[in-house]
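> Have a look at this one before I ask anything.
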């Protein structure tokens, strides 16, 4: 979902190059250890929106590093504002295209990739734009560690069915699959961090679809 342009967000992003990396050269891998000042494990959210999910993760897990990969400047600014307010030194914001994820991250460099409420691109001619299309899966496989995995959530039943089939065709292994995440066992529900969109959608009684999958050796 595209956010309305906010001039303050653009200004804030431009003032903090130490926290926001904008349109990096896809020909050069990013030195994330230098950006974070440590070599802690990295987890990525692709398309972070307003950032409630990724900022909550960063706040709850100070021993891990997080990257919000977000194309929209306004969204990056909103995430940055929360990062600065909460002092989240373990969160970096990358303004870039998800199609270049394997250019931005070295091979075997991240433990988890989160795909939360991605654009379903329902028209057949737009299939290649879906973040669970086979070309994207191949790129995720490159940057994930051997024991790394993907966590995917959506409210769109069509995208969920497509993603299950796409991942299965790619030879992936499913560790967890749910067609109604918010009505799973209490211990699963308690661990779930909602996105802003997820909270609004689930509050109306609509199901949330979710899966965790990895690339079998």
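Here the Cβ of each residue, glycine as well, is placed from N, Cα and C on the backbone.
As annotated in Swiss-Prot:
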type	residues	note
BINDING	45, 70, 97, 119	S-adenosyl-L-methionine binding site
ACT_SITE	119	active site
BINDING	123, 155, 195, 196, 197, 198	substrate binding site
REGION	125-130	region 'Interaction with RNA'
> For residue 155 (substrate binding site), what is the tally of other C-beta atoms lying within 10 angstroms of its C-beta?
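A 10 Å sphere around the Cβ of residue 155 (substrate binding site) contains 18 other Cβ atoms.
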> Can you work out the mean pLDDT of the predicted model over the region 'Interaction with RNA' (125-130)?
98
> If one looks at the chain holding residue 70 (S-adenosyl-L-methionine binding site), which residues at least 6 apart in sequence have a CB under 8 angstroms from its CB?
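Same-chain residues close to residue 70 (S-adenosyl-L-methionine binding site) (Cβ under 8 Å, separated by 6 or more) are 47, 48, 49, 51, 76, 79, 93, 94, 95.
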> Between the Cα atoms of residue 119 (S-adenosyl-L-methionine binding site) and residue 195 (substrate binding site), find the distance and write it as a whole number of Å.
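With distance taken Cα to Cα, residue 195 (substrate binding site) is 14 Å from residue 119 (S-adenosyl-L-methionine binding site).
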> Per DSSP, residue 197 (substrate binding site) is which: helix, strand or coil?
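Once the DSSP labels are grouped into three classes, residue 197 (substrate binding site) ends up as helix.
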> Which residues, in sequence order, are found in the same chain with Cβ within 8 Å of the centroid defined by the Cβ atoms of 45, 70, 97, 119 at the S-adenosyl-L-methionine site, excluding those residues themselves?
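In sequence order, the nearby non-listed residues are 46, 47, 48, 69, 71, 98, 118, 131.
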> Cα-Cα, whole number of Å: residue 97 (S-adenosyl-L-methionine binding site) versus residue 195 (substrate binding site)?
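Per the Cα atoms, residue 97 (S-adenosyl-L-methionine binding site) and residue 195 (substrate binding site) stand 20 Å apart.
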> Measuring Cα to Cα, how many angstrom lie between residue 196 (substrate binding site) and residue 45 (S-adenosyl-L-methionine binding site)?
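Residue 45 (S-adenosyl-L-methionine binding site) has its Cα 14 Å from the Cα of residue 196 (substrate binding site).
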> Going by DSSP, give the three-state secondary structure for residue 155 (substrate binding site).
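In the DSSP reduction, residue 155 (substrate binding site) maps to coil.
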> Using Cα coordinates, what distance in whole Å links residue 155 (substrate binding site) and residue 45 (S-adenosyl-L-methionine binding site)?
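One finds 17 Å between the Cα atoms of these residues.
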> Going by DSSP, is residue 123 (substrate binding site) part of a helix, a strand, or coil?
coil
> Measuring Cα to Cα, how many Å separate residue 123 (substrate binding site) from residue 45 (S-adenosyl-L-methionine binding site)?
24
> Listed S-adenosyl-L-methionine-binding residues 45, 70, 97, 119 - what's their greatest C-alpha to C-alpha distance in Å?
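Across 45, 70, 97, 119, the widest Cα separation comes out at 14 Å.
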